[in-house]
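**Student:** Sequence annotations record features per position, and here TrEMBL assigns transmembrane segment to 12-33, 45-70, 90-111, 132-152, 185-209, 237-259, 271-290.
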Amino acid sequence: MFLAKPDFLVNSLHVITVIATPLHVFGTYCIFFKTPKTMNSVKWPLFNLHFWCMSLDWGFTVLSVPLLIFPVMGGYPLGILTNWFGVSTIFQIYLIETLIFMVCTSIAVTFENRYYQLYGKKQVWRYFRIPFIIINYLLTVTFLIPACLNVPDQRTALEYTYQLIPNLPEEIKSGPIFVLALEHLWVLIPFHFLAAMAVIESLLFIGLINRNMKSSSRQMTLSENTMMLQKKFMKALYAQVAVFLLNTQVLFFYILFSVSSGFYSQEANNLVFIIGSLHGINSTLIMLFAHKPYRAECEKIIKSGRDFFKIPSRTVEIRTQQAQAMDFS
């Protein structure tokens, strides 16, 4: 079936790249030039999150393009890092996994920044925030190193792969399959630890922000307009994060199901990965339409496009008269 073919995966991901890249560039423009001065403090955290979303998107769809063969933690890359630059598969695995958690860590750091800017500057948290950020990013770039240092013998790993997936297509079997781990705990334990840490940290800062907002509202320490702006920004950020999580959770839950049950379907592997790769487009679209200044810029561009392609009424009238004259001639 064509859905199982490597070419289907590559072409689908490249189409996503073509659509996503202009959106990412426009999103970057909006962050730097359309963020209002009243929200200047969110510009760099928002760009940090957007940058890592872009990087992960391009890592999935053009740089690495991993062909996955779950339930085995293996596969091989089909992107330009392999075809143009000859980058090793193990480094590409490390790169993609790190980019995934760079996004997750950036989400937690964005919520931390909101808390710090609004309420934490005069509290004890100001002494701990820099170590907190450094430790988070340090864990993000080192969590997969144990798995990378304990890669199994590939001949043994391939024998195990063929036994577990006897119906592996010849087209894929003939490729340079690389198996990251036979003992899944090397990957799953640090993976789930970092995921849980990012979720707990994000929820903690969201809770602190909401609690302090309610307190500020009662004590009137922030103006009504400022409070409204902050609430709108937080809602937009929630929407952006929720879309990213929905896209990636489809992939993560499928991986868990496939690895735990031994289920293999190359069609499902490809389709689920394509769905996960849509996170960049969806996240940027939500960012553009959830934040009012960016939405206004989008509406302005759409209106300009309509005006550009609109035929002036006088031109339509002249063309109609010419057509009528030709009918009577």
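The backbone N, Cα and C atoms fix where each Cβ goes, and this holds for glycine too.
Since we're looking at a predicted model, the values are computed, not measured.
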**Student:** How about the transmembrane segment (90-111) and the transmembrane segment (237-259): at least 3 CB pairs under 8 Å, pairs 6 or more apart in sequence, or not?
**Tutor:** yes
**Student:** Residues sitting near the transmembrane segment (12-33): Cβ under 8 Å, six or more positions beyond its termini, same chain?
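**Tutor:** For the transmembrane segment (12-33), the list is 43, 46-47, 50-51, 54, 57-58, 60-62, 65, 270, 274, 277-278, 280-281, 284-285, 287-288, 291, 293-294, 297.
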**Student:** Should anything in the same chain at least six residues away from the transmembrane segment (132-152) have a Cβ under 8 Å from its Cβ atoms, list it; otherwise answer none.
**Tutor:** 90, 93-94, 97-98, 101-102, 104-105, 108-109, 112, 179-183, 186-187, 190-191, 193-194, 197, 201
**Student:** May I ask for the residues of the chain that lie six or more residues beyond the transmembrane segment (271-290) and have a Cβ under 8 Å from a Cβ within it?
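**Tutor:** Residues packing against the transmembrane segment (271-290) from afar: 3, 9, 12-13, 16, 19-20, 23-24, 26-27, 30, 46, 50, 53-54, 56-58, 60-61, 66, 68, 235-236, 239-240, 243-244, 247-248, 250-251, 254, 297-298.
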